[in-house]
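Annotated in TrEMBL:
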TRANSMEM  A:12-35  transmembrane segment
DOMAIN    A:71-261  domain 'ABC transmembrane type-1'
TRANSMEM  A:75-95  transmembrane segment
TRANSMEM  A:107-130  transmembrane segment
TRANSMEM  A:142-163  transmembrane segment
TRANSMEM  A:184-205  transmembrane segment
TRANSMEM  A:239-261  transmembrane segment
Amino acid sequence: MSALKNKKRKNPLWLGVLAWACAIVLFFPIFWVAITAFKTEHQAYVPTLIFWPTLESFHEVLARSNYMSFVGNSLIVSLGSTILALLIAVPAAYSMAFFPTAKTQKLLLWMLSTKMMPAVGVLIPIYLLAKNSGLLDTVTGLTIIYTLINLPIAVWMAFTYFNDVPKEILEAARIDGANAWQEMLYLLLPTSMPGLVSTALLLIILSWNEAFWSINLTSVNGAPLTVFIASYSNPEGLFWAKLSAASLLAIAPIMVLGWLAQKQLVRGLTFGAVK
Amino acid sequence: MSTPFAQTANAAVPARPSASKFKPVRLLQTPSVLLLLLWMIVPLAMTLYFSVIRYNLMMPEATGFVGLDNYAFLLSDPAFWPSILNTLLLIGSVLVISVVGGTLLAVLFDQPFFGRGIARLLVIGPFFVMPTVAALIWKNMILHPVYGLLAWAMRLVGLEPVDWLAEYPMLSVIMIVAWQWIPFAFLILLTALQSLDMEQKEAAQLDGAGPVRVFWYVVLPHLKRAITVVIMIETIFLLSIFAEIFTTTAGGPGTATTNLAYLVYSIGLQQFDIGIASAGGIIAVVLANIVSFFLVRMMAKNLKGANEK
């Protein structure tokens, strides 16, 4: 309908040009990294768009024997914490959405409020606990932290998606003799699968990019890509092409995921307040 | 696992779902609740406890209850008040830039134009860039006084390049953080904008309202809730901005870019004074609670609205 209306009132061309200009300016740093990644170290210092692309920097970054271990850590930590958070959150969201009590709403708000606690308020004890339990600088330690910080988001998102499933479907199945387990497995999960997938995507994106805990709790063995990239910040020897190649490898997959899930992300990022 | 809840489900068939009778299926909430309770209470209690004892890893023999001494010491630290000011300045500036910029961009992108879908992807891109990458891109490739793009552009028009992070450190950090958060505001506000009833807008236009008046009296009121959500959520995240400062300026020069999060990190994990750092942590929690008080109230209103429909 709006398309029809818009035909009547054609927008001036400069609006589109302005919008594109804004988009290009905002995206430019990312674009610049992307092209610098294909330059040689020498070319990287010259602001030019004309150059012969090379994969040299990628080869060098990947050849650094430890690079893949950082990638591995990032993958394990983000996938692991996402799976764990979903395993804990989905049953909780299921019972909250379909067997609500007077307290359910308060419980949900309380869960949200744990998200409001600034990380720095508990940095010291978490650091000491991790240190004393041998979890400092380990993938396990970071996975546990990410699971906990993402748990409220997982519960909230799963809850809002389950809440949209018509209760009648489940009741009909129950009358047909399905038990709760079958109900969840054969009806609820397939129906809300798109919602759960976007929940998982959001959790992966958040864990992949998390920087406060990873920088403070890991250094070498358990360190994900965020920490590896931060290690480029020491002043001795800037290698821009390599820095760009490493950065591009770190941000490209997550940006694609984010782009694919952009609509659903709004819901997750605002705890369902904006759909 | 399936036994207790198979029984309940069968028993629940005749009952209404809101029956107050205890249902074992509700035990499925227990792991989440317990974990979050532990996650919230244990470290917070420890922070509170550490904040009233003398606890310095460099001086393990000096211990004992000191009451509010750590707080008094922190408050007299020459970095403390600048860090509070920096925290507020950073939050305030980024909020203004991202909300105003995000709203204008959202209104612009609500109009149809050529390649809108692709342009939108470009705008939201920065939000998915990991903070350490964002900080390093800006530090080395944009703001660098010799090889940075801004220096190059300034030389091109005959100006003297500026060493941004040394001369305008806070402004530089604000630019970097705002760049990451404009897309967030944009994405949320554009979504909210697209749920605006077109007929309301058309009606206002038919009544002779110009674009500015339509924006002010129709669009902006519609966006009010989304803007509140953006402000609240960004505030929570901005209160703990850390990686961008850690990677670009390390809180310096002096205390020019030290915010509360960075101060607690540097006292606790660099100077090893757990007691004083914990006092800083508690102050951060108090600050965040003031903000979240409003957010939780707003979300409660929101949740009620959603359940009633």
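Backbone N, Cα and C define each Cβ position, glycine as well.
Quantities reported herein were computed from a predicted structural model and do not represent experimental measurements.
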Criterion met for the transmembrane segment (A:239-261) and the transmembrane segment (A:12-35) (at least three Cβ pairs under 8 Å): yes
Considering the transmembrane segment (A:107-130), which listed stretch of A:12-35, A:75-95, A:142-163, A:184-205 counts the most C-beta pairs under 8 Å: A:142-163
Proximity verdict for the transmembrane segment (A:184-205) and the transmembrane segment (A:75-95), three or more C-beta pairs under 8 Å: yes
